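As given in Swiss-Prot:
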- Ala2: N-acetylalanine (MOD_RES)
- 18-28: compositional bias 'Basic and acidic residues' (COMPBIAS)
- 45-123: domain 'RRM' (DOMAIN)
- Arg114: omega-N-methylarginine (MOD_RES)
- 207-219: compositional bias 'Basic residues' (COMPBIAS)
- Ser221: phosphoserine (MOD_RES)
- Thr226: phosphothreonine (MOD_RES)
- 229-272: region 'Interaction with MKI67' (REGION)
- Ser233: phosphoserine (MOD_RES)
- Thr237: phosphothreonine (MOD_RES)
- Thr241: phosphothreonine (MOD_RES)
- 245-257: compositional bias 'Basic and acidic residues' (COMPBIAS)
- Arg248: omega-N-methylated arginine (MOD_RES)
- Ser250: phosphoserine (MOD_RES)
- Lys274: SUMO1 cross-link (CROSSLNK)
- 286-296: compositional bias 'Basic residues' (COMPBIAS)
Amino acid sequence: MAAFGGPAKPLLSLNPQEDAKFKKEVAQVRRRATKQQEKQKPTPGVIYVGHLPPTLYETQIRAYFSQFGTVTRFRLSRSKKTGNSKGYGFVEFESEDVAKIAAETMNNYLFGERLLKCHFIPPEKVHEELFREWHMPFKRPSYPAVKRYNQNRSLVQKLRMEERFKKKEKLLRKRLAKKGIDYNFPSLVKVLHKNEENASNTGPQNSRKHQALRKKKKAASVTPETPEKAVDSQGPTPVCTPAFLEKRKSEVAKMNDDDKDNEIVFKQPVSGVKEETQETQSPASSKKKRRRKHNQ
């Protein structure tokens, strides 16, 4: 069995004189076979999938769309800043016909409380770098410069930082002087120290005190609305000029009008009053008639 193992040996004809012809024929047969295989291979189709829920990942979406056919490539677009899903992606199927069927069936399909939007992308409009590094798992972007700047520094590191700021400040002032610009600005190191002091002073206790003081100030500023101004009898009396008297009369008239409007008056009909007068007069007339009869 060991003799049959190993790489395949080159094909040789039985007649050594016709070896060259035999090799040419074999090459032609192989070319025809490859061409037939290429013709039989279906052209791939790409579809756009929109309104995807943010909780879905690449593996889940690919597994879902693989029920229509073999998915060769898939790309879910993500934000470069946060790494979160943008809500749309691209799916490439092995066959173009399968891609069209998947786009038709999944368009306006209720998926995770959302209507999916799917449409077929023609091969002319598919970008060459659409599926670049599609097999690589997405990593959230890290910002090392921001982390370095916000890290907690020791005293030595802070002193080095101050020296760097001073050098930059000197260079800036020299450049401005060369260009003939008279501009004075505060040193950057002092500004940094002020910011650090403010950050240290604003603690949880200080912030609570500030909030309590602000609340007290607001309560003092908001005065209760008095409906009428109280007149102080012991205060100084105003000068009685004719203009002042006219103003006072107009104010009193307005007050009376307001009081009249507030009062509710019920008016009784006139017929009822007449009936009451007749009823009250009837007993007196009947007594007079009785007296006359008695005298007769």
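Placed from the backbone N, Cα and C atoms, the Cβ positions cover glycine too.
Long-range Cβ contacts of the compositional bias 'Basic and acidic residues' (245-257) within its own chain (Cβ-Cβ under 8 Å, at least 6 residues beyond either end) are absent. Secondary structure of the compositional bias 'Basic and acidic residues' (245-257) per DSSP (helix as H, G, I; strand as E, B; remaining residues coil): 13 helix, 0 strand, 0 coil.
Across the structure, Ser250 (phosphoserine) and Arg114 (omega-N-methylarginine) place their CA atoms 69 angstrom apart.
Looking at Arg248 (omega-N-methylated arginine) and Arg114 (omega-N-methylarginine), their Cα atoms lie 71 Å from each other. Of all the Cβ atoms in the protein chains shown, 12 others lie within 10 Å of the Cβ of Arg248 (omega-N-methylated arginine). If you take the C-beta of Arg114 (omega-N-methylarginine) and look for same-chain residues 6 or more apart in sequence within under 8 angstroms, you find His51, Leu52, Pro53.
Packing around Ser250 (phosphoserine) is summarised by its Cβ count: 10 other Cβ atoms lie within 10 angstroms of its Cβ, all protein chains included. The residues of the domain 'RRM' (45-123), classed with DSSP into helix (H, G, I), strand (E, B) and coil, number 19 helix, 30 strand, 30 coil. Each residue in the domain 'RRM' (45-123) has a pLDDT score, and their mean in this model is 90.
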